[in-house]
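The next block holds one structure in the form of structure tokens; read it before the comments.
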Amino acid sequence: MKTLFLGVTLGLAAALSFTLEEEDITGTWYVKAMVVDKDFPEDRRPRKVSPVKVTALGGGKLEATFTFMREDRCIQKKILMRKTEEPGKYSAYGGRKLMYLQELPRRDHYIFYCKDQHHGGLLHMGKLVGRNSDTNREALEEFKKLVQRKGLSEEDIFTPLQTGSCVPEH
């Protein structure tokens with residue numbers, strides 16, 4: 001009986017911690033800094049970005065929605081992320097993309113880090129995001145440390161212009 005109670009209690013604690021994690025990450029996030037591989041074409045790097053909206057769909061799934069302009073057209077992108085067994089790790093597009101969501105000591109900041117198997121190669125991209133668009137030096141320093149740990153160059157960090165969301169034509 002004690003074993004059953006312990007199992008149920010641990011399961012409930014795990015479920016509650018997952019719910020808290022989902023609540024922490026949902027909402028609107030402003031992109032403060034980005035980094036991509038050196039191989040990523042300069043002309044394809046996003047210079048203007050909209051806020052990212054993260055929604056919890058239940059069952060360990062999150063949806064990230066954002067918009068961007070391409071050839072004078074507003075494009076809306078939705079990415080369905082499925083939680084993996086590793087805390088903070090999600091997969092998308094049938095496992096082709098792996099995303100790591102890391103909360104920073106400043107609770108209002110996260111690092112979204114993505115590995116994308118694209119055209120036979122592996123692309124790495126990182127975003128420092130916050131609940132508001134204000135600059136935070138501590139969060140930026142943490143982002144720089146992650147960039148170095150992942151083997152990316154601090155010189156490749158750039159700050160895109162924060163824009164409002166555009167409205168796609170349907």
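Using the three backbone atoms N, Cα and C, a Cβ is placed for every residue, glycine included.
Looking up Cys166 in Swiss-Prot gives a disulphide bond whose other cysteine, out of Cys74, Cys114, is Cys74. DSSP assigns Cys74 (disulfide bond) to a strand in the three-state reduction.
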